[in-house]
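Engineer: Can you keep this structure in mind? I'll have questions shortly.
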Amino acid sequence: MRVPIAVQLGLLVLLTALAGLAALAIATWINNYNFVVDVKSQSLQLVASIKSSQITSNLDLLETTSKTIITRILIQSALQRYYAGNTTEENFASSITDVQSALGSRGYLSLYQASIYARNVENGESKARRLLNVTSDEVPEIRLPYDHPNGTAVMLGDEGLGYPPSLYPNLTEDATTNKLYAFDGVPITTNQPLLLGPLATNDSFSLISLSLPIINNTSAADILGYITVVASAANLQDAMSSRQGLGSSGQVLLLAPSRPENRFPTGSRPATATSEPQIAGLDNQEVRYVFRPTPLPGNKRRHSPAVASGASFPLRDYPIALKVLNQPYDSINHSITDLSSKNENGTRVAVGAIQQRSDLVEWVLIIEETHGEAFAPVSRLRKIILACVFGTAGVIALLIPPLAHLSVAPIRRLREATRKSVNPTIGPLSPSLSTMVDPIEISMHNGNEKSEKGGFFNRLKRGRGNLATGHDRDNEPHQFQIPGRVKERKHIITDELTDLTKTFNEMSDELVIQYNRLEERVAERTRELEKAKIAAETANESKTLFIANISHELKTPLNGILGMCAVCMGEDDLPRIKRSLQTVYKSGDLLLHLLNDLLTFSRNQIDQAIRLEEKEFKLSDIRSQLQIIFQNQVQEKQISFSIKFCHPDTPPINDTPEVISRAPGPVYGPPGTAKLKDMVLWGDQHRILQILINLVGNSLKFTPEQGTVAIRIKCVGEEKNPSASPRPESRALSRWRSIGSSHASSRPKTSLDRPRDGGDEETTRPPNLRTLILQFEVEDTGPGIPQHLQNRVFEPFVQGDLRLNRKYGGTGLGLSICSQLARLMRGQIQLNSEQGRGTLFLVRIPLGFVKESPPSTASSMTSLAGSRTSSVFSLDDLASVTKAPSNHSVASQHESTKSNAEIQDSQPRLVGLSQPFFAPPVPQAKDNGLKKIRALVAEDNVVNQEVVLRMLALEDVYDVTVVKDGQEAYDTVKANMEEGKVFDLIFMDIQMPNLDGIESTRLIRQMGCSAPIVALSAFSEDSNIKDCMNSGMDMFISKPIRRPALKQVLRRFTPIPEEAEKPQM
């Protein structure tokens, strides 16, 4: 199908113009439509908000005026005299005058009548007695909408019917609660007065009443009676009948529940600012119009005659009213609009609705307009846009054909000229061929029609040659090449082809630049990869060396265990066997200590964040505990060991040794504090002890015999800004170099590096504490640390000697844990070491100053010995255990040469130490009483079964039943309970086949068994302990099981006699 280019151009222009016109028309329609709708919606919302505010203010005015009446002294005095026994009419004579005076003070609100009721129903009466009926002297003649029985008109203020019954509550007393209710279940309270009405006397006048309790002026809880005030509703009707902002068809409607109290019943409450709506009950509630809707002149009736006469209808018939009641009014303007809604009669209208924000009523105010009036601007806009679109399209359709014909005229001329060049005359070449030249050449030579002979055929041949050459290049394998520049010839006229050539050359130059830049970046990345490769190889070498070292540290105690076990199997002498077993016990405890250090550090590297246990502690306790902990080790190596409170400017040992030897005087803190040794501080005492024990243990390990280890405690200043991390400076520290930041970038981020939340603390820090910077110095005369390792000793698995032939053992985690704990407490750790002269560690920690304690010579070891969890966890300790981090302590202990291993096993030990240290043994109280114990052991491992049986046998427990999983344990307990037998104690492993220990414990507890259940598990994390206790277990023993831990369980649940411990050989 051939379509002329003029037609194509015309259709293209027409379609383009129509598309642009349609886009503009649609955008204009959407924008203006939304604008018109928004303006109309905002207009309805504004009118609804204004009308609602007027009605609310009138109701508030009525409530405020009524409350001023009940506070009058004459009224309250008369009521008090009435309850005192004065029931005469003279008692209320002055009150009647006082009430008439209050009603007659005419202002913006007209008050007509008032009645006062007693506060309770007297004997023999069915409802509360009216004590006072007052009608204002200035009340106009108002005929009520009903007559006397004799047919005469009833006027407001007449005796009897002159007080409209529908405006006065029927106060009856509930026999169960002895409270007065106006209607069935409708109380009258100070926060919820009762509004009745409006009662329409004619088409333009209505009456309303407000009932509220009379509160004694001297006692807010004393109700003297109730009052009902009748007022004019003309202000409400004036606000409803005002035509401002309503247009030609707008109406103001007021919907209310079809109940006399003007509120929805319980179970069908609408939404408020603080409560959700009860949609199910609210949907079927009956509502009515407060004031009858009357059609405007010239408008059709939009409401049925029955509804307009006061009949009720379901709330769901008016969707906008139901929607606004279901919407909480949490903003200032809580009105909603719907320009395409329907009223209860099914008439399509545009409405704006708002819920009255009043404690007196639950009304909905509706601004209603006809749909035609609301969308009249939209209809005009639609007509204008359609007329513009079709009119413009018609004009374009008339103008395009001639314009297209004129526009393609040059193209047609070019086509004719091309036909002359491409279609030569058939026959031999003649000089006339020179007249057939390329039209482009004609234009370039300004009309010159002469060309070189055979120019057309030469160009044709060149074109064929280029095609052939290009075809050959396509067959060649593709290689990336940067295109070369195109030679730019001189030109007079600049056109699109000239711009294209220039842009192509710029692109080629940019490609060359980017290619060279890419080569440079590749070379740079190659160099970085080489550096990374070298670093990886170095790290791999360090890892290999660490594995070799830690393998030696782990295999050394393992070798002692296996070797001495082999000796015991071939030995018959009992004393030698006991000594060999003592060595096995010590080696096993050392192996457990090494594994605990590795596991503790691994937990710190992930998300198990350590939490501080901050509380009050005495600074002197730190010194006392350190002296007792290291007493034996210091005596064995004959090391000069001292712990002193010093002034901030006290020099190190190697500088002036004579200063250390002289007797120091009292050392005080900053002005307003106390002596250092008498200070009571706020912080985590045990984390400070853990750091110091690590540092002192490290110094004692490397210090030779007859050496010196000194601990100095100083207060170097006061922190001015406690919220920031303390970084105090001192002239005495100017020559020391901080290590905390040197390896921060090279180590992985751990949970200790994250800021600590306030919720991690177990106790609340007392307010207004002064923050002091405490400095703990640990100095030794050991070999020192080489200069090249001082930047790395605080990194994990790094030691001063990394060789395989090193003299000292250890995992290399102690100083790393110290650094982590110091950062956790917003402190810092530094070192200064010189090879051959010793090492000085300095720890600065901000602590809160609480008070000064009285001097005491006793050492406090209770906090150290009792604050950390041991191998045994009970239900009473669960609250504190779950709050304390799992790596605060472990239950494994190491045996010393001067105390029994089992007694040491119950003493505390801190993790992350170079060697295990223990507090002195606490004397064990001897148990009295004898009881035969019947025990059940649930354990799937045969070796563990044998260990438990033999350890129970050592405690004279032989009646033991062994099962291999949780299901058998449950079945065994169930069978024994059916036979009337009970177990005195149940040992429950956690990880077992078929049914684990936790689930088995839950089933046993659900069965009603109350026997003590003790968990046995090697997984001693806080989460596991908590799960065990929550399942119903009573205690928790961590594996490996220690005899003191087992004794503690037996002493608690089944007391047995305990023999005195014999010293080991």
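The backbone N, Cα and C atoms fix where each Cβ goes, and this holds for glycine too.
Feature list, courtesy of Swiss-Prot:
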- 739-749: compositional bias 'Polar residues' (COMPBIAS)
- 750-764: compositional bias 'Basic and acidic residues' (COMPBIAS)
- 549-849: domain 'Histidine kinase' (DOMAIN)
- 934-1054: domain 'Response regulatory' (DOMAIN)
- Asn86: N-linked glycosylation site (CARBOHYD)
- Asn133: N-linked glycosylation site (CARBOHYD)
- Asn150: N-linked glycosylation site (CARBOHYD)
- Asn170: N-linked glycosylation site (CARBOHYD)
- Asn202: N-linked glycosylation site (CARBOHYD)
- Asn216: N-linked glycosylation site (CARBOHYD)
- Asn217: N-linked glycosylation site (CARBOHYD)
- Asn333: N-linked glycosylation site (CARBOHYD)
- Asn345: N-linked glycosylation site (CARBOHYD)
- Asp989: 4-aspartylphosphate (MOD_RES)
- 405-1065: topological domain 'Cytoplasmic' (TOPO_DOM)
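Give me the lay of the land around each of these features.
Structural biologist: The residues of the domain 'Response regulatory' (934-1054), classed with DSSP into helix (H, G, I), strand (E, B) and coil, number 58 helix, 24 strand, 39 coil.
Sequence-distant neighbours of Asn86 (N-linked glycosylation site): no residue of the same chain at least 6 apart has a C-beta under 8 Å from its C-beta. In the three-state DSSP scheme, Asn86 (N-linked glycosylation site) is classed as coil.
Asn133 (N-linked glycosylation site) falls within a strand segment according to DSSP.
Take the CB of Asn150 (N-linked glycosylation site) and look out to 10 A: across all protein chains shown you find 5 other CB atoms.
According to DSSP, Asn170 (N-linked glycosylation site) is assigned to coil rather than to any helix or strand.
Neighbour list (Asn202 (N-linked glycosylation site), Cβ cut-off 8 Å, at least 6 residues apart, same chain): Pro145.
Long-range Cβ proximity for Asn216 (N-linked glycosylation site), meaning a same-chain Cβ under 8 A and a gap of 6 or more residues, is found for Gln76, Gln80, Asp222, Ile223, Leu224.
Spatially close to Asn217 (N-linked glycosylation site) yet at least six residues away along the chain are Thr71, Ile73, Gln76, judged by Cβ distances under 8 angstroms.
Sequence-distant contacts (6 or more apart, same chain, Cβ under 8 Å) of Asn345 (N-linked glycosylation site) comprise Arg302, His303, Ser304, Val307.
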Engineer: Looking at Cβ-Cβ distances, which residues of the chain lie under 8 angstroms from Asn133 (N-linked glycosylation site) while being 6 or more apart from it?
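Structural biologist: Spatial neighbours, sequence-distant, of Asn133 (N-linked glycosylation site): Gln113, Ala114, Ser115, Tyr163.
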Engineer: Which residues, sitting 6 or more apart from Asn170 (N-linked glycosylation site) on the same chain, put a CB under 8 Å from its CB?
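Structural biologist: When sequence neighbours closer than 6 are ignored, Asn170 (N-linked glycosylation site) has Lys127, Ala182, Phe183 within Cβ distance under 8 Å.
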Engineer: How long is the line from the C-alpha of Asn150 (N-linked glycosylation site) to the C-alpha of Asp989 (4-aspartylphosphate), rounded to the nearest angstrom?
Structural biologist: 97
Engineer: Test of understanding: give the count of other CB atoms lying within 10 angstroms of the CB of Asp989 (4-aspartylphosphate).
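Structural biologist: Looking across every protein chain shown, the total is 26.
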Engineer: In the three-state scheme derived from DSSP, which category covers Asn216 (N-linked glycosylation site)?
Structural biologist: coil
Engineer: Across the domain 'Histidine kinase' (549-849), what does the pLDDT come to on average, as a whole number?
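Structural biologist: 75, rounded to a whole number.
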